[in-house]
């Protein structure tokens with residue numbers, strides 16, 4: 001009997017299966033054994049992606065002779081499209097193919113144009129990563145790779161749930177380690193050896209990354225697709241509108257819901273009714289009809305509510321994403337105006353992004369291994385601090401970054417005036433390393449904002465809509481890049497009216513990036529106030545099992561082993 005209980009306990013409890021649809025053994029599949037392949041994939045894929053995007057501003061302005069505003073906007077518009085397409089990939093994964101097959105097919109689509117097209121030679125349209133196929137491929141991989149990784153941990157098993165908390169930190173570590181390699185190695189090759197080799201190596205890296213992911217197939221756990229999330233949400237909204245004149249019953253148990261046994265049988269998760277967005281509860285009022293567009297279960301209503309509740313938080317992440325867009329554009333252009341020699345070695349401006357990566361890599365380790373353990377003792381929270389507290393800290397750091405960037409830019413302009421290189425646009429005799437504070441702080445901000453943003457939208461999304469929830473974080477980056485384009489163009493046009501030179505022109509020595517960064521600092525402060533308001537009224541999703549309680553007890557035991 002004891003052996004049978006042990007065998008039963010070895011099966012996962014979250015409904016994950018193998019590729020044949022069979023229940024999986026915990027000891028044979030999933031957890032860190034599977035995630036090691038996923039994180040290594042992410043390192044190489046991000047090295048390929050950032051090997052293209054990090055130096056794109058320099059390529060456009062030097063090889064294609066584009067001005068600062070146009071080059072910056074081409075970069076942010078391209079990045080914006082890349083990060084918006086994951087919504088489509090998330091929809092396909094949640095509704096039809098599941099995350100694994102969506103990811104695998106998209107990886108092939110992602111790789112195809114890169115291998116079939118030569119590196120850029122003379123025009124923007126010749127850059128292979130700008131192709132429609134590449135964007136579609138990225139759209140299918142980005143929202144699913146993190147959810148595949150997080151899905152390797154069983155929420156109903158306290159040890160694995162604890163490991164999932166660390167997964168997002170180490171997954172982000174892999175992303176920025178790959179970016180670090182790109183900014184140190186590939187950017188140097190592009191600037192000093194040639195763009196053909198510099199843009200060809202990312203293709204090889206992407207092929208190796210895909211092969212490594214495929215090698216991990218025997219160890220992955222898989223989630224069964226639950227149908228179109230957009231259709232389910234639409235049914236809830238339509239049913240609520242149809243019943244808008246009907247009063248809600250006094251007791252929540254009078255609302256329509258399946259029996260718990262039905263959810264257990266179908267390996268689905270049941271959610272309890274909540275008072276927020278109560279209008280949508282009317283979709284579960286029993287009217288005698290069982291038509292899916294006229295009656296929804298309480299769980300379907302709560303799933304819809306949860307996706308809607310996250311939207312104000314999503315809006316609050318747009319401004320930090322605008323700040324992030326400056327790293328690959330204006331921050332790099334500042335570097336081109338400064339003294340870049342260290343001995344006989346000339347530092348490529350885009351290589352400064354490596355300091356963002358180093359800062360983040362070090363900060364993630366310190367956060368995960370030290371900060372979380374210390375904060376657990378005070379907050380009793382398994383994460384140390386809540387995800388929203390972590391995001392709020394990131395917003396504050398973003399405001400600090402723009403304040404520091406403003407001061408650094410004022411120093412650079414003062415040096416340009418002192419040495420008479422304002423009108424000529426010549427090199428300012430200041431070391432490029434004066435820009436380090438803003439790059440290093442950006443890495444720290446990413447530990448708080450970017451990591452928690454991905455984890456928040458994954459964690460708070462309903463179980464059947466995880467890919468769609470994760471796509472919120474990529475949507476944030478996409479919208480942030482588009483808004484960056486709009487703001488840069490608008491500020492450039494408005495500031496140049498009535499005969500003014502403008503805040504941002506091709507000669508940075510006569511520009512006023514310090515004003516632009518000060519504007520961003522104020523924007524971050526206003527966004528922080530907005531974030532405080534929306535986070536105050538945000539209601540965290542109720543846990544779907546007792547695993548949070550068990551996890552807290554496990555954390556307490558690890559902090560007090562005796």
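Positions of Cβ are set from backbone N, Cα and C atoms, glycine also.
Heads up, TrEMBL stuff is auto-annotated, nobody curated it.
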Between 141-160, 201-220, 221-240, I'd like to know which one TrEMBL lists as transmembrane segment. 201-220
Among 113-133, 260-280, 281-301, 428-448, TrEMBL lists transmembrane segment at 428-448
Segment assigned the feature transmembrane segment in TrEMBL (from 74-94, 347-367, 452-472): 347-367
Is it true that the transmembrane segment (347-367) and the transmembrane segment (201-220) have 3 or more CB pairs under 8 Å, sequence gap of 6 or more? no
Tertiary contacts of the transmembrane segment (201-220), as residues 6+ beyond its ends and Cβ separation under 8 Å: 19, 28-30, 33-34, 36-38, 40-45, 47-49, 51-52, 100, 103-104, 107-108, 110-111, 114-115, 128, 148, 152, 182, 186, 189
